Amino acid sequence: MSTLLDTLNPEQRAAVTLPHESALILAGAGSGKTRVLTTRIAWLIQTGQVSPHGILAVTFTNKAAKEMLTRISAMLPPSTSLRAGANPRGMWVGTFHGLANRLLRTHWREAGLPQSFQILDSADQLSAIKRLMKALNVDTEKYEPKKLQWFINGNKEAGRRARDADAYDDYSMRLAELYEAYDAQCQREGVADFPELLLRSYELLYRNEPLRQHYQDRFKHILIDEFQDTNTLQYRWLKLFAGPHTVLFAVGDDDQSIYAFRGANTANMAEFEREFAHGNVIKLEQNYRSHGNILTAANTLISQNAHRLGKNLWTAEGEGEPIRVFEAYSDQDEASFVVDEAKALNREGVSFSDMALLYRSNAQSRVLEHALFSAGVAYRVYGGLRFFERQEIKHALAYLRLMTHPEDDGAFLRVVNFPARGIGARTLEQLADTAARSGSSLWQAACTGSGKVAGFAKLIEDIKQATTGLTLAETIDHAIEASGLADYYRADKDGADRLENLNELVNAATLFSEESEDNTLDAFLAHAALEAGEHQAGAGQDALQLMTVHAAKGLEFHTVFITGLEESLFPHEQSAHEENGLEEERRLMYVAITRARRRLYLTHAQSRMLHGQVRYGIPSRFLAELPEQVLLHLNRRAEPSYRSVSEPAPRATPANDTGYRVGQSVAHAKFGTGIIIDFEGRGADARVQVKFRDAGTKWLALAYAKLSPA
DNA sequence: GCCTTTTATTTTTTT
DNA sequence: AATAAAAGGC
């Protein structure tokens, strides 16, 4: 027992062994947050205060859930061991969405869903919305499908159905109407989008007293990780599980709240303190991860946010190395710098898997990947194009969905004519009419019809017949062949990759059957929707880790490269239009910095390929917000020293008599500093377009504007 | 009705 | 740059 607690500091120990009352743990980055959470679970079980059956632990990502299970089972004696994925002792550990799904699968009847209801991911949801708008003849110029999706999800995440939605003018009232129609369509087709999983299970427990009583009695302890990321609905969801005797243990860090864009509400922390913790708040401020300079940088940066609960991390470690700042000539130059440094570090003994290459948005990984590939450095990309979101996989999944749940019109439309079987727009219109008139699904209309459409229905039926009794993997394999998907991609000259991915899907199914206790097709389809990014080939190898800053939360590395530190990229220009957008970007930067244990690189490029053209950027304001004494500027030079061999020397700027060139930093008496992004005319007529750090982008006549090189 | 070419649009972050 | 929607030819 004591061994569990031996290595904890006093605050951590206090948190782990808190008596039987709810508490809020404010845990800074690297303060042992996950450790405290998992140790508390192990401690509760070992001291016999609760059986695993009575524990509910909620996380946000699948990665975190897996990590938690692994750590808990390592702390408990083998007899109590918990297989990853399965939970023989009945502990509930998972993401909000995963647990909501579990609840709805168990109580589908009470929740008013078909047993085989399907889950729509964001892309599925958007196409369902487009389909709806088309059927209702909505002007998609005036009402953009994306806007409607945003409206629906925003309302659901706030716990509001269409009738309660914020509607104050004609426009939003129309949106609310469409929201209602969308929900009706989903209900008709027996599908649920992500926020629906939560809202539906919330309503289930809210309305069904015996059921609520059952779960409130069952779960004695509820533990929540990353509490700052909960949205209004998730918080209310949690509260339904909490009976009068339930102990809630919430761990969070307001400085790491980076999901406001999907409804996360940091006010939940204050609310929780008032409603449950009653001043029972423990701060974990000792950081065990990073050296001093890295922490100083992080603290200084985050202190510039106005909205904070307040907290300052400290470390017992020394200052460590300075933070290295590198200004690259171009994005390619930046990439080769990173590759060179990573290789050098690797030679010094740091494994590639202990280095992370972070960026603000997924699109930035391309150039980096290219440089790594050319240099022969193994790397692994997290997120980005997710496996289960590839079109060939989506097609295959659509066939599988039709087999188990034929009312899924979205799946039907996706593959009814893919591969092509002579069923065109005209035919489908007629089919949709028939279906609408009889209030049935496209599938039912197809079955009663004749010709090619009926042939398609028969094809699905045949596949279903032929696969009864087969294993999950065999079923999927057969469906891929019989549907004609495999042949289609075999005939396609660019189809080799896609064929391979389809093969990989069969492998994923095999793996899933081995690991999961429920190996039905429905369970696999839910898994595909909920864990779209978890399946990635190439694990286990010593590879450099590439991911967005968002994806890096909760992880740590010996060395971290933060790339693309330019205005409008990081902070992202979109954030300027959002309320408190800049503060969220700063928290994001804070998260990025605090991922590093020993060494941190911050890089930015003068020019970058963006939207298909070269753009000139100015250094991110976040660089200026860091204390100069912890920084080491690796270069301050005009010429690139790092350039890949394949890349041609930078184009010489056309000779002109002005002494200025595109890409150059300049200072203006009134507008401050900026960078020249375009040039026009010569001599006395010469004008330059300058992107200023604070004053926006302006055209200036060189003869009048008093510019000076900066 | 199918398939290729052109045109437009888009790009934040995730369950 | 890359992809989706639209248009045009077969």
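Glycine residues also receive a Cβ, built from the backbone N, Cα and C atoms like all the rest.
TrEMBL has this to say about the protein:
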BINDING   A:Ala27, A:Gly28, A:Ala29, A:Gly30, A:Ser31, A:Gly32, A:Lys33, A:Thr34  ATP binding site
DOMAIN    A:6-291  domain 'UvrD-like helicase ATP-binding'
DOMAIN    A:292-554  domain 'UvrD-like helicase C-terminal'
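In the structure shown, across all protein chains, A:Ala27 is the one of the binding-site residues A:Ala27, A:Ala29 with the greatest number of other Cβ atoms within 10 Å. Its Cβ placed at the centre, A:Thr34 (ATP binding site) has 18 other Cβ atoms within 10 Å. Within 10 Å of the Cβ of A:Gly28 (ATP binding site) there are 26 other Cβ atoms, across all protein chains. Excluding A:Ala27, A:Gly28, A:Ala29, A:Gly30, A:Ser31, A:Gly32, A:Lys33, A:Thr34, which define the ATP site, the same chain contributes A:Arg35, A:Val36, A:Asp253, A:Leu284, A:Asn287, A:Tyr288, A:Arg289 within 8 Å (Cβ to the Cβ centroid), listed in sequence order.
Compared over the binding-site residues A:Gly30, A:Ser31, A:Gly32, A:Lys33, the count of CB atoms lying within 10 A of a residue's CB peaks at A:Ser31.
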